[in-house]
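Q: Sharing a structure below in structure tokens format, with a few things to ask.
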Ligand SMILES: NC(=O)C1=CN([C@@H]2O[C@H](COP(=O)(O)OP(=O)(O)OC[C@H]3O[C@@H](n4cnc5c(N)ncnc54)[C@H](OP(=O)(O)O)[C@@H]3O)[C@@H](O)[C@H]2O)C=CC1
Ligand SMILES: Nc1nc(=O)c2c([nH]1)NC[C@@H]1CN(c3ccc(C(=O)N[C@@H](CCC(=O)O)C(=O)O)cc3)C=[N+]21
């Protein structure tokens, strides 16, 4: 037996086809393409790969993109100046500043200076607040992708016990809110959680975003559950998830692989948010 694999790559490419079509229609209607600016500070190798993947994905669907590769020693003011310029530019509908930033830069200040209307990452305090209040705004890409993957299984989220491991502002907290909005009963676990296994074992839906490779083993998984592995850590050159795939897949009902699960969906949702930004800025 074993779990069914949730194929993030396949689901992603189907959605990207739709986005491509939508971009073509927008071009015909307005003569313009949605535009995304990606800002990368420093030389972190993982960030460079993600940024390249985002650039390629934009090209694939016809979204105009600009990538700014700034040196490690960029000052806070230089970065803010660039963000302010991008806020003003008509042809840029979405702005993404790749995280983490080098230690001498203040992430919160930089994120707050991105215009909330162009915050396609959904990290601005205004968009985070809207998510919390159930108002319409940009939803962070990884959490949005996770909900899409769960829905692809046709498992009804309503009334289910959902357990999220991790409470970061970019994954754990927003995915917990989205699951709550879908009427799951949500438990959020973190590094101070007393007995992690007692929680994960009860999870009908388990989302793991810790960056701790193989933290969740098969014995911690509820039989038949939906397991979403967000972690991407390079271990001896191999991209490794937070879930021990071989043991967990014997127990779960559905499971996402790493790579090929959440990662491609994150980028697809970024494309979706960028189109959404253009449509709203163009007042269509
Ligand atoms: N595939 C994708 O698209 C994406 C993948 N990622 C990946 O997901 C992972 C998590 O990212 P991110 O949320 O930014 O990470 P953070 O480091 O910001 O947060 C990790 C969270 O995990 C918790 N945690 C750490 N160790 C344990 C443990 N032993 N038991 C329970 N909880 C623990 C931490 O708890 P505490 O708060 O107490 O410290 C924290 O809340 C990383 O591997 C990252 O690369 C991230 C974004 C997108
Ligand atoms: N402002 C900002 N926005 C982000 O969305 C953001 C960020 N900062 N910082 C880092 C995390 C991480 N993240 C990933 C995106 C794609 C893959 C991805 O495509 N992964 C592929 C494999 C890629 C590879 O081979 O390394 C996969 O899982 O199949 C992974 C991780 C976005 N993040």
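In case you wondered, yes, glycine gets a Cβ from its N, Cα and C as well.
TrEMBL annotations: computationally assigned, not manually curated.
The domain 'Tetrahydrofolate dehydrogenase/cyclohydrolase catalytic' annotation in TrEMBL covers 6-121. According to TrEMBL, the domain 'Tetrahydrofolate dehydrogenase/cyclohydrolase NAD(P)-binding' annotation covers 140-280. Sequence annotations record features per position, and here TrEMBL assigns NADP(+) binding site to 166, 167, 168, 232.
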Q: 10 Å Cβ neighbour count around residue 167 (NADP(+) binding site)?
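A: Taking every protein chain into account, the count is 18.
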Q: According to DSSP, does residue 168 (NADP(+) binding site) fall in a helix, a strand, or coil?
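A: Its secondary structure by DSSP: coil.
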Q: Sort out for me which one of 166, 168, 232 has the most neighbouring CB atoms within 10 A, since those are the binding-site residues we care about.
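A: That would be 166, with the most Cβ atoms nearby.
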Q: So the record assigns 166, 167, 168, 232 to NADP(+). If I measure every Cα pair among those residues, what is the longest distance in angstrom, as a whole number?
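A: The two farthest binding residues have Cα atoms 16 Å apart.
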Q: Between 0 and 100, where does the mean pLDDT of the domain 'Tetrahydrofolate dehydrogenase/cyclohydrolase NAD(P)-binding' (140-280) sit?
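A: Averaged over the domain 'Tetrahydrofolate dehydrogenase/cyclohydrolase NAD(P)-binding' (140-280), the predicted model reaches a pLDDT of 98.
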Q: Relative to ligand 2, which of the binding-site residues 166, 167, 168, 232 have a Cβ found under 6 Å from one of its atoms?
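A: Checked binding-site residues vs ligand 2; flagged 232.
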